[in-house]
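The active site, proton acceptor annotation in Swiss-Prot covers TYR166. What Swiss-Prot lists as NADP(+) binding site is 22-46. Per Swiss-Prot, substrate binding site is recorded for SER153.
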Amino acid sequence: MSIESLNAFSMDFFSLKGKTAIVTGGNSGLGQAFAMALAKAGANIFIPSFVKDNGETKEMIEKQGVEVDFMQVGITAEGAPQKIIAACCERFGTVDILVNNAGICKLNKVLDFGRADWDPMIDVNLTAAFELSYEAAKIMIPQKSGKIINICSLFSYLGGQWSPAYSATKHALAGFTKAYCDELGQYNIQVNGIAPGYYATDITLATRSNPETNQRVLDHIPANRWGDTQDLMGAAVFLASPASNYVNGHLLVVDGGYLVR
C-alpha cells in the first residue's frame, strides 16, 4: 500500500460529471430515484419509458444543472433496444452508464399462472435487460469503460408466493449480472446489481395501508421501517461512479436488514 494511493482518493471518485446514463423506467417509482441520484452526481440522463413523462422528472433533473431527454417506447418492442441506444448516442454522444430498472410484476397462484402472465414478465424483466446490455456493451467495449447496473430484488434470493415469474426473472437477472461481469471486466466495464427491499412507493401502498400486512413486513426488517427512495440513491451513485471500479459481479442489497432475519 502506497501513501500516494491513499492520497489520490477523494470525493471526486463519486462524481459523474460529463457522463451519460440511461435509466429505463426512470420517470416513476424507484427508477425516478435512480435517475435523480445520477443527475445529482453530474450525469446527463436519458430515460426510455412506456409511460410518457408528465414534466415532473424533467423539471427535477434539469434543476441539477444537467441535461435530460426522454423516449416513449415499449422496451420489449421489436428493435427497441437498438433504437434506445442509438437515440441516446445521437443526443449525448455515448452511453457510460446503463441502469436496467424497468420491470413488471403480476400475481397469481401457481396453478393459475399461465403463459399470459409468464411471458410478459420474462420479456420486460429479463430479455429487455439482456438486449439493452448487449447493445450498450457495443458502445462501452471500444471506449474501454462502462457501468451496467441491473435492478434485482430480494426475490433474487427468495422464492415468494403468487409470483413464480417475478422470482424467476430476478434470480436470472442476478446470474446474468455475474456472467456479463465475467466477460466484460477485461474491458473496464463493471456489471453489478442493486437488490432493493421493501420501499414506500405507490406499488406497496395497499400493503402499507393494511395494518396486518404492514406489521408483517416491519417485523421482518431490523431497521423497523419501510425503505425511502433516498435510501437507494447512494447505492446507485456508488455503482455508477469510479469509486466502484473494482466492484464487479456484486449484488448490493439495500433492504434494512430484511434478508438476515
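Note that Cβ sites are derived from N, Cα and C of the backbone, with glycine treated the same way.
From a predicted model like this one, the values you see are computed outputs, not experimental measurements.
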Out of these binding-site residues, GLY26, GLY42, which one has the fewest other C-beta atoms within 10 Å of its own C-beta? GLY42
Provide, as an integer number of angstrom, the distance between the C-alpha atoms of PHE34 (NADP(+) binding site) and TYR166 (active site, proton acceptor). 21
Looking at Cβ-Cβ distances, which residues of the chain lie under 8 angstroms from LEU30 (NADP(+) binding site) while being 6 or more apart from it? ASN101, ILE151, PRO196, TYR199, THR201, THR229, LEU232
Integer Å distance between the CA atoms belonging to SER153 (substrate binding site) and LEU38 (NADP(+) binding site): 20
Radius 10 Å, atoms counted are CB only; among the binding-site residues ILE22, LEU38, which position scores highest? LEU38
In this structure, the one of the recorded positions PHE34, PHE46, TYR166 whose CB has the fewest other CB atoms within 10 Å is TYR166
Cβ neighbour count (within 10 Å, all chains shown) around the residue listed as 'substrate binding site': 26
Where the distance is taken from Cα to Cα, which of the recorded positions ILE22, PHE46, TYR166 turns out closest to the residue listed as 'substrate binding site'? TYR166
Between the residue listed as 'active site, proton acceptor' and GLY42 (NADP(+) binding site), how many Å separate their Cα atoms? 33
Could you check what DSSP calls ILE22 (NADP(+) binding site) once collapsed to helix, strand or coil? strand
